[in-house]
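As recorded in Swiss-Prot:
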SIGNAL    1-28  signal peptide
CARBOHYD  N81  N-linked glycosylation site
REPEAT    146-170  repeat 'LRR 5'
CARBOHYD  N244  N-linked glycosylation site
CARBOHYD  N289  N-linked glycosylation site
CARBOHYD  N302  N-linked glycosylation site
CARBOHYD  N321  N-linked glycosylation site
CARBOHYD  N337  N-linked glycosylation site
REPEAT    388-410  repeat 'LRR 15'
CARBOHYD  N398  N-linked glycosylation site
CARBOHYD  N420  N-linked glycosylation site
CARBOHYD  N434  N-linked glycosylation site
REPEAT    435-458  repeat 'LRR 17'
REPEAT    484-505  repeat 'LRR 19'
CARBOHYD  N531  N-linked glycosylation site
CARBOHYD  N536  N-linked glycosylation site
REPEAT    554-577  repeat 'LRR 22'
CARBOHYD  N591  N-linked glycosylation site
REPEAT    697-721  repeat 'LRR 28'
ACT_SITE  D954  active site, proton acceptor
Amino acid sequence: MKNLGGLFKILLLFFCLFLSTHIISVSCLNSDGLTLLSLLKHLDRVPPQVTSTWKINASEATPCNWFGITCDDSKNVASLNFTRSRVSGQLGPEIGELKSLQILDLSTNNFSGTIPSTLGNCTKLATLDLSENGFSDKIPDTLDSLKRLEVLYLYINFLTGELPESLFRIPKLQVLYLDYNNLTGPIPQSIGDAKELVELSMYANQFSGNIPESIGNSSSLQILYLHRNKLVGSLPESLNLLGNLTTLFVGNNSLQGPVRFGSPNCKNLLTLDLSYNEFEGGVPPALGNCSSLDALVIVSGNLSGTIPSSLGMLKNLTILNLSENRLSGSIPAELGNCSSLNLLKLNDNQLVGGIPSALGKLRKLESLELFENRFSGEIPIEIWKSQSLTQLLVYQNNLTGELPVEMTEMKKLKIATLFNNSFYGAIPPGLGVNSSLEEVDFIGNKLTGEIPPNLCHGRKLRILNLGSNLLHGTIPASIGHCKTIRRFILRENNLSGLLPEFSQDHSLSFLDFNSNNFEGPIPGSLGSCKNLSSINLSRNRFTGQIPPQLGNLQNLGYMNLSRNLLEGSLPAQLSNCVSLERFDVGFNSLNGSVPSNFSNWKGLTTLVLSENRFSGGIPQFLPELKKLSTLQIARNAFGGEIPSSIGLIEDLIYDLDLSGNGLTGEIPAKLGDLIKLTRLNISNNNLTGSLSVLKGLTSLLHVDVSNNQFTGPIPDNLEGQLLSEPSSFSGNPNLCIPHSFSASNNSRSALKYCKDQSKSRKSGLSTWQIVLIAVLSSLLVLVVVLALVFICLRRRKGRPEKDAYVFTQEEGPSLLLNKVLAATDNLNEKYTIGRGAHGIVYRASLGSGKVYAVKRLVFASHIRANQSMMREIDTIGKVRHRNLIKLEGFWLRKDDGLMLYRYMPKGSLYDVLHGVSPKENVLDWSARYNVALGVAHGLAYLHYDCHPPIVHRDIKPENILMDSDLEPHIGDFGLARLLDDSTVSTATVTGTTGYIAPENAFKTVRGRESDVYSYGVVLLELVTRKRAVDKSFPESTDIVSWVRSALSSSNNNVEDMVTTIVDPILVDELLDSSLREQVMQVTELALSCTQQDPAMRPTMRDAVKLLEDVKHLARSCSSDSVR
């Protein structure tokens, strides 16, 4: 028993030894390992390598073999690297317990949350990379404890707040990347303390304020990225102290002032990008000192002056991009000494003179981009002989001369865009034989001869634009077989013959051959060009039928085959063109009925079938075309009645033309539902009944019902139409004019007044009833007369004399009134300087340089209304704004009043634009833009800063007065409200023809939107210098419809627009692309202001903002690249 007890003790001892050994092996994982396991708890997702290695192992006392871990000699964690490991979760505060950590790389994962402040405890950290994650909130200010930190990457996160000042006091910091966050506030002054900093990237944040001058103390800086922030102020001169600087990007900020950069200290500078700022002055000549400079990029920096010749000293320069500035003068020939130059971009400036032949010496030059300047003369032959050029972009200049045969030897040439110049002569026949051309754009020159056959010899041609020249002959078959062409424009030439067959699987997407002499059938092979989105073959001599193969073009959005000699019926297969938005086959000889399956065109906005031989009644499916806004099917043989379902096309806004179709019956009642319709033509039919249905068409600007069999009175809402276009109602012998219409209507119309039925009816009253009525009427009149006499006697004592002006405290003194009356000889006719809707204007010169304009208002109201007017005028007199005419004084009497204004020496905007000698006051675009902005400011003030708001109701050039500096001042504001005391709307129209908003055409609805419409018309006058209703316009066309029509016919092409609608005086000025872009933006604003629907118009505050933005136009482009 005793032995058994001893054996048990021995076994128990062994068990205890085994158990203790096991426990020791579990707890022997060192503290760094345990810290890592704690960090693991904060992670939502880790790669398999982590789950398989990050765990307790009896045979390992350290985590040195774990995935992503590297240890130092003491078996402490020195590096944690999870880069690109698809880890998600948060970085726990336990990270601060890794005291030996030297490298922490968690880049390119999905970490979120804040950066733990405990990182400041990792005092041995040399590299901290948390880039490309989702960290948010502020950068902890404890990082300044990392005295050994050399590299800090925090870019591409969601960090916010200001930078800690202490960040730049980390003594050994060499690399700091903070780009692509949402950091705000100023750049700390402490940046100058970062003596060891070599690379600093802070771009694509929200930093504001000035770049600190102290940055010049960061003497080790080589790379500095500050672009795409909100920095202001000037470029600090202290940057010139950074002798080690190789790369400087400060583009896409709002920096101002002169560029003072380029000291002898910049020898190491390789790349300089100052683009998209608002600098003053020119390109600093001192940049010629930066002898190592490889890329100089200052795009849209608001630079002016000339290009310094000192840039020719930069022998290593490969990229020179000074585009989109206001540089003037000529290109210095010294640039020909930049022997390494690869890219020269000087486009979108105001450069003049010839292109220097010295540029032909640049043997490495690949891209020469001089477009949108004012260059003249010929392109030097040395450039045509270049064997390095791949791109030659010189469009929109005044260049001339022939295209030399040497052009055909440019073996690397890919892109040649010469459009909108004055090149003449033939295109060299061999062009394309020796090079792989990709883009050839010669539109808008004076080129003659035939299309060269080898343009697509290299089978890479994507764009071939030869429109608006004098070319003749046929299209070479090789061009039709060129599958790579995407955009093909030959419009407005003298080309003839048949169109070539197009290859299968052609890349063609845009085809415009309009206005030539092409003949024969339209090739069915066009239907194989599946990418086609636009076809314009109008104004040619094509014959035969429309090929049904065109129905294969499911991406086609625009088809114009108008004004040809096409015949036959419309192929039903076209219904498969389900993307079609505009379809025009007008002015052909097509016949038959319109296929019902065209109802598939759900996106169609414009349908033009006019001047053909279509029959079978107006198509019943039209209401299914919900987006249809223009329907022109005039002068066909549709016959039948107008289907009532047309009234269901709610978006029918612009035009409904059913004229000349032999239509019968009455106008269907549903047509009255087209309340947005602006143009209606149902003339030359056999329609009967009354026009009462048209009462509801309140948006109509033009209507023609002539040559039908209508009867009865013309609706009240068409009174204005009858006055302006009486012929639109002629040929209806039984139509008549209501007695409520103005007498002037009858003077211009052959129609008679409607019979007054009340006069022809017998009263049916007996003799004694008539006597009784007469007696009672006499008694009533007597009572009224006695009452009026009594009232007059009561008021006589306190009433002013009839011709005496009434004064209040706020009104001008009687002495000034006497001077005004004396200066105008009691308002003598000879002092008249204008007549307006509200009265006559006189010029009163009171000596000592004081000249006033005196407006005499005539009232029809009684004296109480005048007292109300005094309060109203008093309110107007307190309105103060630089773009509003200031009321200097006013006087009232019973029947009229005088209002005194400062005299404007330049007269009105109408005088300046349309006066007898407008050339004496020609406004350049800058002046016109300032007028547009000034008027917008004035109207915005009236609409939103006056209480109550003032709606002008008669904005037009005559009411915009110009001071000696051509600053605009709006006049007559408040007078419409002063002279009309109704509350909501009136039956009479307030405003001037051409400026009246559609909703105000036949009654006045008070709203700011009507002023916005009138303002839009004024903008169009500034752009076009045409009157609102100009004699040059087609009949029944105002400036709004004329501009919309012009833009529509040009497919919104910028060049076409400039030549079509813009004032010819501005054309030379608009060679500057930024100004041309301004004109486009202002035109778009005008069209937005003149939309039919008042709710769709911008407010005047919107207009001011857009115009302010236009002032600083800058094309969007990434400044991350120097190109």
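Positions of Cβ are set from backbone N, Cα and C atoms, glycine also.
Known features from Swiss-Prot, placed on the structure.
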residue	record	CB count, 10 Å
N81	N-linked glycosylation site	17
N289	N-linked glycosylation site	20
N302	N-linked glycosylation site	18
N321	N-linked glycosylation site	20
N337	N-linked glycosylation site	18
N398	N-linked glycosylation site	15
N531	N-linked glycosylation site	14
N536	N-linked glycosylation site	21
N591	N-linked glycosylation site	16
D954	active site, proton acceptor	23
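Cα proximity to N420 (N-linked glycosylation site) (within 10 Å) is found for the following recorded positions from N289, N398, N536, N591, D954: N398. Put simply, N302 (N-linked glycosylation site) is 13 Å from N321 (N-linked glycosylation site) when counted between their Cα atoms. Distance noted between the C-alpha atoms of N81 (N-linked glycosylation site) and N398 (N-linked glycosylation site) is 61 Å. Tertiary proximity for the repeat 'LRR 19' (484-505) is limited to same-chain residues at least six positions away from its ends with a CB under 8 Å from its CB atoms, namely 443, 451, 456, 459-477, 511-523, 525-526, 528-531, 536. Taking Cβ pairs closer than 8 Å, the repeat 'LRR 17' (435-458) reaches residues 395, 403, 410-429, 464-476, 478-479, 481-482, 484-485, 489-490, 495, 1055 in its own chain, all 6 or more past its ends. With respect to N434 (N-linked glycosylation site), the closest of these glycosylation sites in Cα terms is N398, chosen from N244, N398, N536. The secondary structure of N302 (N-linked glycosylation site), as reduced to three states from DSSP, is coil rather than helix or strand. In the three-state DSSP assignment, the secondary structure recorded for N398 (N-linked glycosylation site) is strand.
Looking at N337 (N-linked glycosylation site) and D954 (active site, proton acceptor), their Cα atoms lie 62 Å from each other. Ranking the recorded positions N244, N289, N591, D954 by Cα distance from N531 (N-linked glycosylation site) puts N591 first.
Using a 10 Å radius centred on the Cβ of N434 (N-linked glycosylation site) and all shown protein chains, the other Cβ atoms total 17.
In the structure shown, across all protein chains, N420 is the one of the glycosylation sites N244, N420 with the greatest number of other Cβ atoms within 10 Å. Counting residue by residue with DSSP, the repeat 'LRR 17' (435-458) contains 0 helix, 6 strand, 18 coil. Taken together, the residues of the repeat 'LRR 22' (554-577) have an average pLDDT of 95. Taking N244, N289, N302, N536, N591 as the glycosylation sites under consideration, the smallest Cα distance to D954 (active site, proton acceptor) is found for N302. N289 (N-linked glycosylation site) and N302 (N-linked glycosylation site) are 23 Å apart (CA-CA, integer value). Taking the Cα atom of each, N289 (N-linked glycosylation site) and N244 (N-linked glycosylation site) are about 14 angstrom apart. In this structure, N337 (N-linked glycosylation site) is part of a helix by DSSP. Classification of N244 (N-linked glycosylation site) by DSSP places it in coil, neither helical nor stranded.
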